[in-house]
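Trainee: Quick one: the structure is below, questions incoming.
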Amino acid sequence: MTNLRKTHPLMKIVNSSFIDLPAPSNISSWWNFGSLLGVCLIIQILTGLFLAMHYTSDTMTAFSSVTHICRDVNYGWLIRYLHANGASMFFICLFLHVGRGLYYGSYMYLETWNIGVLLLFAVMATAFMGYVLPWGQMSFWGATVITNLLSAIPYIGSDLVEWIWGGFSVDKATLTRFFAFHFILPFIIAALAGVHLLFLHETGSNNPSGLCSDADKIPFHPYYTIKDILGVLLLILALTSLVLFSPDLLGDPDNYTPANPLNTPPHIKPEWYFLFAYAILWSIPNKLGGVLALVLSILILAVVPFLHTSKQRSMMFRPFSQCLFWILVADLLTLTWIGGQPVEHPFIIIGQLASILYFLLILVIMPITSVFENNLLKW
């Protein structure tokens, strides 16, 4: 008799995705981040659900409802900080996952990659709206500044901003709709992640060498289930350490002050995971140009597969491309640092140079270097 897991309509889907899935025998720990992102999403949905039970999306009570969660609800402080720092862990895993894809040429699976880019946008939108909900100073002013960027769109800009606000400024209507969207988007993200996996399993996983691994496959379970569990344990260790020892390390002190439309904070800045894009935004003096650069800094990922000029898929055997990849990583870290600094000399010029280097590396330098490497190998 055939095993039930191979015949049952529901179990055979799970079986073909997580148990009997043929996987390359040489995938490294860099391939763990997909499962870690799944775990992060589950943590965020569960903690978010419990927070939503006690939160009120009204400008008069939002801030005090968050205070109430931390002070009066059983383990409310733990749920709140798991949710806030869980977002940081989510983005760390996301950036490492995307970095892995760029390094090993995983972007050659076009459908999987493009759904991944869509997922990145969805997660960023969700995180932005979630940051507005506690209704602290940085929540309010962050929402005001970022939504105001849409006014740079010619002709329809100002109408669009008022439509998103639900009035003439960020107010009760804005907070209520942001809460509604923040609640629904994670479920859309989960559905998109399912499609992401569906397309990945159509082609099979890439591997560090970038070569076809059909001749050497191993079952996903037990090899990679055990490997993923180790990754999950390390993730939970990092998250709980952060939550229990320094929960406010990655937050902004200004968000412990209730939102006040009459008092602007000295430095308006988003959470750390948006700082690189924020630095690119204010590196361009023109408003519309800045908004375009901000969107393109993420959207450029969708163009990467078409800029692949190398005869090899992975960077594993391409030392020049490897150097450029790590320069790109250093550049993004520089942009993240600049994004958190005040908008003044010398930070403006450093940000402008780092922004130019970011786009140049991806669009020009890396494709040309790949051609050069092909010629070196007489390909």
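A Cβ is built for glycine as well, from the same backbone N, Cα and C atoms used for every other residue.
Features from Swiss-Prot:
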TRANSMEM  33-53  transmembrane segment
TRANSMEM  77-98  transmembrane segment
BINDING   His83, His182  heme b b562 binding site
BINDING   His97, His196  heme b b566 binding site
TRANSMEM  113-133  transmembrane segment
TRANSMEM  178-198  transmembrane segment
BINDING   His201  ubiquinone binding site
TRANSMEM  226-246  transmembrane segment
TRANSMEM  288-308  transmembrane segment
TRANSMEM  320-340  transmembrane segment
TRANSMEM  347-367  transmembrane segment
Trainee: Report the listed stretch (77-98, 113-133, 288-308) having the maximum count of Cβ pairs within less than 8 Å of the transmembrane segment (347-367).
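Mentor: It is 288-308, which has the most Cβ pairs under 8 Å.
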Trainee: Could you check which of the binding-site residues His97, His196, His201 is the closest Cα neighbour of His182 (heme b b562 binding site)?
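Mentor: Nearest candidate: His196.
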Trainee: Cα-Cα separation of His196 (heme b b566 binding site) and His83 (heme b b562 binding site), in Å?
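Mentor: On Cα coordinates alone, these residues lie 24 Å apart.
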Trainee: Count the other Cβ atoms sitting within 10 Å of the Cβ of His97 (heme b b566 binding site), across every protein chain shown.
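Mentor: Total other Cβ atoms inside 10 Å, all chains included: 20.
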Trainee: Indicate the candidate from His83, His182, His196, His201 with the smallest number of other Cβ atoms within 10 Å of its Cβ, considering only these binding-site residues.
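Mentor: Each of the binding-site residues His83, His182, His196, His201 was scored; lowest Cβ tally within 10 Å is His201.
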Trainee: Would you kindly list the residues that approach the transmembrane segment (33-53) from elsewhere in its chain, counting only those six or more residues past its ends and only Cβ-Cβ distances under 8 Å?
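Mentor: Same-chain contacts beyond the flanks: 69, 79-80, 82-83, 86-87, 89-90, 93-94, 96-97, 100, 182-183, 186-187, 189-190, 193, 228, 231-232, 235, 239.
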Trainee: Could you round the CA separation between His201 (ubiquinone binding site) and His97 (heme b b566 binding site) to a whole angstrom and send it over?
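Mentor: His201 (ubiquinone binding site) to His97 (heme b b566 binding site), Cα-Cα distance: 17 Å.
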